[in-house]
Amino acid sequence: MHTKIHLPPCILLLLLFSLPSFNVVVGGDGESGNPFTPKGYLIRYWKKQISNDLPKPWFLLNKASPLNAAQYATYTKLVADQNALTTQLHTFCSSANLMCAPDLSPSLEKHSGDIHFATYSDKNFTNYGTNEPGIGVNTFKNYSEGENIPVNSFRRYGRGSPRDNKFDNYASDGNVIDQSFNSYSTSTAGGSGKFTNYAANANDPNLHFTSYSDQGTGGVQKFTIYSQEANAGDQYFKSYGKNGNGANGEFVSYGNDTNVIGSTFTNYGQTANGGDQKFTSYGFNGNVPENHFTNYGAGGNGPSETFNSYRDQSNVGDDTFTTYVKDANGGEANFTNYGQSFNEGTDVFTTYGKGGNDPHINFKTYGVNNTFKDYVKDTATFSNYHNKTSQVLASLMEVNGGKKVNNRWVEPGKFFREKMLKSGTIMPMPDIKDKMPKRSFLPRVIASKLPFSTSKIAELKKIFHAGDESQVEKMIGDALSECERAPSAGETKRCVNSAEDMIDFATSVLGRNVVVRTTEDTKGSNGNIMIGSVKGINGGKVTKSVSCHQTLYPYLLYYCHSVPKVRVYEADILDPNSKVKINHGVAICHVDTSSWGPSHGAFVALGSGPGKIEVCHWIFENDMTWAIAD
């Protein structure tokens, strides 16, 4: 026999508020949770603002802040005092699922070269193998490999030591990395140095390398790979082989095969005495690179300088080379290939061999659309200068019916024509996986109290512990600048830093009877797929939609914009061999491309030009598109 206990309503309410983790069903599958959490509030807000009863978009609602009710109340109060919030930043970031870089304090550790490190990460490394005497090898194998949001500083490696120095891998395969390397093999006498791999395959890197093999005597130094196949971000290399005496240096590859990288190399082999210097490849095969090389071999005495390739086969972008072997005394300088672009960019070469004392200078190939401001006319020899479209350029472009079909800078399947969206079509699918760090929205009440303007970057740096020239500072500045950019012709845009703001923007453009869609998952990425059944949204008619794309920021931030004259489709994605459904994709086709730039990746991949063709693309993981409900 069970005894029924009757409690007054006020006692029940008291119990509810005293148990923040108490589960209360607020209706429907997947809606179980505390209604006083940010997610509970978002679910209620969706019901209030959206006028239809279609299934809820859990891929959006699950991006709500994971704060529980007690944490929500605490941080809502704390954010009113930003000084108090910044003292508890890392607890806040952990609880709210934000992206915050670690605070690294300077390390006073010193390690001799007899210690051979295999792996090392997430610390400032002050001193390795400095002033080590005698013969031997300093070996450092892996530093900060494959990390997510790593912040590392390596201050000094092998300074003043005659030993051979080897550094295998530094910050490769990292995501949103902030790395600085201060000094490598400086002031050494004899010995050889080899740095194999620095920040290869990094996504959105912020790289600073201050000094490599400066003031060395004799010896051979080799830097093999610097930031190869990196995506977005910026990199800076300040000095290589400066003030060397009879030292030989070789830099094999810098910033090759990159996508939208900003690259600055300040000084290579300045005021070196004798020795052979060789730079094999800089910025080869880049997509929209911004390359700046300030000074190569200036003030050298009897140097032998060779620069093999600069910006060869790159796609648009801008490049500057300021000085090459300026004020050199005798010696020989050879520059083999500059600016042989696939698609023309802007190339400026300021001075070559100026002020030199009887240098022997050869310049082999200089590309199209370049500006050469000053060179030594008496001693410089130009083998080949292209002032029109070059044969090399033409050989890289296959033209078929006026269409460029060489699309090696654009991933296969990233852009396609509308006619491809038919059942039975086999086509490549790009990598639609989300590469950004996982984050959640902030609750609207908290996000609204944080600064959100380029004029408030100093305050944001303080809140998020962002140092000067750090990745976090750059990330915040880039995001806010894009948010404040004037809209393109016909575009309505807004950056939304809460799910509620996204709902408000979408409904302000499309009305309250809306549906938000995304591609179901990432299956089929990087391979061939077969198109199954296809459904045109709004009857397949030209309509308008709101698309929202992630932006890199400490908390989840979306750039949402309404683009007129589009058609939106849903399509089953099949395995091309088994014909089994593996995914359900959402694609958007832009009918009017007249305002797009002629160098847009879609035209590189598909041919034609602005306003001449429609262009379609898939909605990538964690991006989404809104449309009026059918």
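The backbone N, Cα and C atoms fix where each Cβ goes, and this holds for glycine too.
Annotated features, as they stand in Swiss-Prot:
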DOMAIN    415-629  domain 'BURP'
CARBOHYD  Asn124  N-linked glycosylation site
CARBOHYD  Asn142  N-linked glycosylation site
CARBOHYD  Asn256  N-linked glycosylation site
CARBOHYD  Asn334  N-linked glycosylation site
CARBOHYD  Asn369  N-linked glycosylation site
CARBOHYD  Asn387  N-linked glycosylation site
SIGNAL    1-27  signal peptide
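The highest number of surrounding Cβ atoms within 10 Å, among the glycosylation sites Asn256, Asn334, is found at Asn256. Asn256 (N-linked glycosylation site) sits 21 Å from Asn334 (N-linked glycosylation site), taking the Cα positions as reference.
For the domain 'BURP' (415-629), the model gives a mean pLDDT of 95. According to DSSP, Asn334 (N-linked glycosylation site) is assigned to a strand segment.
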